[in-house]
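Novice: Can you read through this structure? Questions will come right after.
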Amino acid sequence: MVTLSRKFSTTAIPNPKLLQPQPQTTTTTTQFFIPFSQLQQRKLLESRLVSILDGCTHLTQIKQVHAHILRKGLDQCCYCLTKLIRMLTKLDVPVHSYPRIVFHQVKYPNPFLWTALIRGYATQGPFSESVVLYNRMRSEGTGPVSFTFSALFKACGAVFDVGLGRQIHAQTILIGGFASDLFVGNTMIDMYVKCGFLECARKVFDEMPMRDVVSWTELIVAYAKSGDMGSAWELFRGLPVKDMVAWTAMVTGYAQNGKPREALECFERMQDAGVKTDEVTLVGVISACALLGATKYDMYSKCGIVEDAYNIFEGMKERNVYSYSSMIVGFAMHGRAHAAMQLFHEMLKTEIRPNKVTFIGVLTACSHVGLVEQGQQLFETMENCFGVAPSADHYACMVDLLGRAGRLEEALELIETMPMEPHGGVWGALLGACRIHGNPDIAQIAANHLFELEPNGIGNYILLSNIYASARRWDDVSRLRKLMREKGLKKNPGCSWVESKEGVIHEFYAGDMTHPQYAEIKRALADLLDRLKAKGYQPNLGSVSYDISDDEKKLILMNHSEKLALAYGLLNTESTDAGCTIQIMKNLRICEDCHAFMCSASQVTGREIVVRDNMRFHHFRDGACSCDNFWYQLSTGQQNGMKQGRNILDTPLRVCLEQKDMDGEER
């Protein structure tokens, strides 16, 4: 057996006085000395050594303390050695080397020492070794503790191995004594959530005799991520004590699921309850305000008034990298590529250096108008010239840029050569590009990765289903929808908002018949449709991903929420009004048919229409989108202008439609 050398460096050994019992003094006139027993002295020494280990930040320090442990005859002390192994793994010392040697020198390891080594393998890998150790521990007659199971559950969640997780779950039942263990229950919930088995997580939660705020919040966040805000709200209502984390989970959940009104109402209740907010809460509130498009919140670039945002920027006496980056990103959101690039170059003439957010803005601007070469040049020089190392987010921008241009194989190759693990945003950009160009094969590759990274991300399933539907692979569509049902994933219905002259937000759902002016809205929409058809508009039936009749598809398309919102806006505003632009906010991405519809409507009515979907702004004026119809051309295969290197920066642009998943609202 390999033994651990005791020839450690003696430099900077912990002060012996800190490791020895200190005499107690008192200010009274009479002093009494009570000698410690040998056992008491040993326990005190062990506690001090553990405390010193807890403060170690380097391997050398840990080795020095280990040397003291050996000199004091504590080489079999599981208490000290458990802490030693945990600190070694915390510093990423390979488990199979130093920690394992320490473990093997102990004749009778207790459950905590076993668990320290199991946890090390569960954290560092190989995960299979932690299972082998657990089986060996059981075969040698040592029973697990709650920390043993929590380490194994965390590892199962990290590698998405629900099969093994269920076996370990069975162990907690067979061994007994862990049904009421809060820590084990919480990590079990976390494991099932990460593996995409939300119903199993809920069952564990329901059967727990004791729960804390972590138990509740884990499930609330999981439901929010899966799009099931109804279940999230049900749980939240039952939470006895609602802290900042739980409130924030609800606010951000509503905002991220396209329910900005509910997000703001929840935030107001949070404030009424006297609960403090943090940056994460405020991000959710800002997102909700941007989705509603309510201009009273003064977030101009996110509410569709980019000119006002720029006027504020121009009036700033002092500007920094954050104000520049915010304005560049604002221009990018509106497809104002020329303005974004111009402001970027103006920034470079100052002493202000761009940061990672700045480059996300300029790369996004390039992506939305097809400036592939310019984007590639920026990406290649951002580290060498500006000291900004590309992150996974920057790679996502490049994948989006290449993917939109139809260079899907090149985009996939870029992902495969990334120096870091690609996150969901990277694979999502590739999946969205596959939807634009109708490539189900590469789409399947991207989706497989997304299903692992985001098992509850319903948008990924819907997007792949749409791609299969476009390719008329109906069996694959049915398979995916069945999988979504089995996972309990629910899609939010399409919803759009429009603000009246009085500042009131009116909300419309797909096929909504509850609005007080519904009859007038339907008549106005039918009249508008007749006028558009006279100008050549025809519904884009490819926007409906169901194998149904053409008449049924037309009916579905005419009930999309943004069309209802547009009809309301036309009914309740006049072209002579000061604010004659109709602004519509939508919780999903706009489909191809609605894009064409809005283009034609802007020409027929003589009104400017701004549609803000859940990613970007779409400005329509005089029969065209201000992106020069770049997105629509891509979705219908008309890409000649981009392929021939047309200088799109010469066009007066405001926005290019983000088409990352392009799901309509008929599902």
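In case you wondered, yes, glycine gets a Cβ from its N, Cα and C as well.
Caution: TrEMBL annotation is automatic and unverified by curators.
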Novice: Which of these ranges is annotated region 'Disordered' in TrEMBL: 1-24, 25-48, 481-504?
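Specialist: Comparing 1-24, 25-48, 481-504 with TrEMBL, region 'Disordered' matches 1-24.
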Novice: Pop the mean pLDDT for the repeat 'PPR' (110-144) in here, whole number is fine.
Specialist: 83
Novice: Can you break down the repeat 'PPR' (243-277) into helix, strand and coil residue counts using DSSP?
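Specialist: Split by secondary structure, the repeat 'PPR' (243-277) comes out as 26 helix, 0 strand, 9 coil.
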